[in-house]
Structures are given as C-alpha cells and as structure tokens.
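J.: Input: one structure, supplied below.
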Amino acid sequence: MSHLTTFLVFFLLAFVTYTYASGVFEVHNNCPYTVWAAATPVGGGRRLERGQSWWFWAPPGTKMARIWGRTNCNFDGAGRGWCQTGDCGGVLECKGWGKPPNTLAEYALNQFSNLDFWDISVIDGFNIPMSFGPTKPGPGKCHGIQCTANINGECPGSLRVPGGCNNPCTTFGGQQYCCTQGPCGPTELSRWFKQRCPDAYSYPQDDPTSTFTCTSWTTDYKVMFCPYGSAHNETTNFPLEMPTSTHEVAK
C-alpha cells in the first residue's frame, strides 16, 4: 500500500470516527408561540415557530454547554436586538450564556468513563417548560427528563419578573443562595423549585438527583420546549406577563 493510499485510508477512518462520535442535538419548539432557541458554545441561536426543529452537532469533548429558549424577542436583519427572557447580549446567535431567568439544558460530552453528562437546571430560574434526553434511552440514568410544572404561574412574589420566575441567587445574592464558596445545601426557595421539577438542578450542589449520563460516541439528544404543547400539562396561558416585584456540568 502506497504512502498516499495509507494516508487517505487513515483520513477517511478518522473522518468517519469523528462524525460518528459527534452528538446530534435536535431542539424542537412545541410551544404555541415563537421561541428563539439558543445554544453555546456550539450552535448559536435560531428562531423557531411552533412545530419547527433545529439540529446541530456538538463534537466529543464539548463541555459547559447550554441550550435554552428565549421569549418575546425582537431582532433586526443583522441579528441584533433584545429578548425579554434568556437574552445573550442582544444577538440572535449567542456567543455567551443567557440572562436569567431561563430554563437550561446542560451537557458535557465524552467525559470520564466515556460518558456524556447532562441535566435540566432551574438554578438560573425558569421561563419555558422543557424536556431533555437521549433519542434512544439506554441503561441506568440514560432516559428523558422534564421540567413542565406551572412554575411561572405559581412563582413566589419575590422571584416574579416579566416572562419568568427568577432565581434566588440573582435576586438576593449571598453564599446561602449562590453557593460560591465551599459546601452548601438546599434552601426553602430551592426546595420550592425541586418539588415542582424533581429531576432538575435546583441549587449548585444538587448533583445526586439531577445529573444524568449516557454512553458517549453513540447517543443523540433532543430538547423540546413545551413538551405538552402549552405552559405545562394543565393550562395554555403562557407565557405569563408578571409584574416586576451558576452550576456547571462536568468540567
């Protein structure tokens, strides 16, 4: 076999392996209103009308990644504008994280033990109901999860903001809520979120019940906004306009 042929075979195998190893993410809007989906560090952003999907690929090793939805946005032809919830610096294609409140899907691909780590988090608050999980469930904690409770409608008065339910750290600050220095535990407010979304992260060290894993290399994922087709599984009155009154997966 010539050196050229050997190189071409090696290149083809490397390309196929890399392509196969890349995680495919589908982000689907099932809400009865427009959602401006966002994803970093891979993806950027996309406007999704009801029933539309957006696909992107995240390479192995992608970490500290987030997917979320933005509401009540207005962008010009150059992709500059503003969103009421989840805004990421006034651009359509996000380069950084969104401004709370926003319901988060978080993931890190191909980490230790050849596992993907992923979760739903309400540490940054809540704006849109969400489900997240592998397209083909596997053993153990490789199955779909959701956060679809009527959090906006039941939000405590101290956390209510237009279009969402804010998080205690942004609202009050301090170690008790932000958990930035050493160990910390749940608070009354984080328990309030946890009761409504038991699979979701409710405070930064909520790992035991909120981190999910799937085998790397072969797993694709789907994020769905409003999996029940409305605000949650009981009402269609969403998004709610309310009077005005960060955890990281495997690094």
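Each position is counted from 1, following the chain as shown.
Cβ atoms here come from the backbone N, Cα and C positions, even for glycine.
Features from Swiss-Prot:
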- 1-21: signal peptide (SIGNAL)
- Cys31-Cys226: disulfide bond (DISULFID)
- Cys73-Cys83: disulfide bond (DISULFID)
- Cys88-Cys94: disulfide bond (DISULFID)
- Cys142-Cys214: disulfide bond (DISULFID)
- Cys147-Cys197: disulfide bond (DISULFID)
- Cys155-Cys165: disulfide bond (DISULFID)
- Cys169-Cys178: disulfide bond (DISULFID)
- Cys179-Cys184: disulfide bond (DISULFID)
- Asn233: N-linked glycosylation site (CARBOHYD)
J.: Can you tell me whether DSSP puts Cys178 (disulfide bond) in helix, strand or coil?
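T.: Helix, per DSSP.
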J.: Can you check what DSSP calls Cys94 (disulfide bond), collapsed to helix, strand or coil?
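T.: Assignment for Cys94 (disulfide bond) reads coil.
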J.: Quick check: of the disulfide-bonded residues listed here (Cys94, Cys165, Cys197), which one has the Cα closest to that of Cys178 (disulfide bond)?
T.: Cys165
J.: Have a look around Cys165 (disulfide bond) and count the other CB atoms within 10 A of its CB, chains all included.
T.: 26
J.: Between Cys197 (disulfide bond) and Cys226 (disulfide bond), what is the CA-CA distance rounded to a whole number of Å?
T.: 14
J.: Of Cys31, Cys165, Cys169, Cys214, which disulfide-bonded residues come within 10 Å of Cys179 (disulfide bond), going by C-alpha to C-alpha distance?
T.: Cys169
J.: Specify the count of other C-beta atoms within 10 Å of the C-beta of Cys197 (disulfide bond).
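T.: So the number of other Cβ atoms within 10 Å of Cys197 (disulfide bond) is 23.
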J.: From the Cα of Cys147 (disulfide bond) across to the Cα of Cys155 (disulfide bond), what is the distance in angstrom?
T.: 14
J.: For the disulfide-bonded residues Cys73, Cys94, Cys214, which Cβ has the most other Cβ atoms within 10 Å, all shown protein chains included?
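T.: The residue with the most neighbouring Cβ atoms within 10 Å is Cys214.
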J.: Provide the number of Cβ atoms within 10 Å of the Cβ of Cys147 (disulfide bond), excluding the reference atom itself.
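T.: Cys147 (disulfide bond): 27 neighbouring Cβ atoms within 10 Å.
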J.: Give the distance between the Cα atoms of Cys165 (disulfide bond) and Cys184 (disulfide bond), rounded to the nearest whole Å.
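T.: The separation of the Cα atoms works out to 22 Å.
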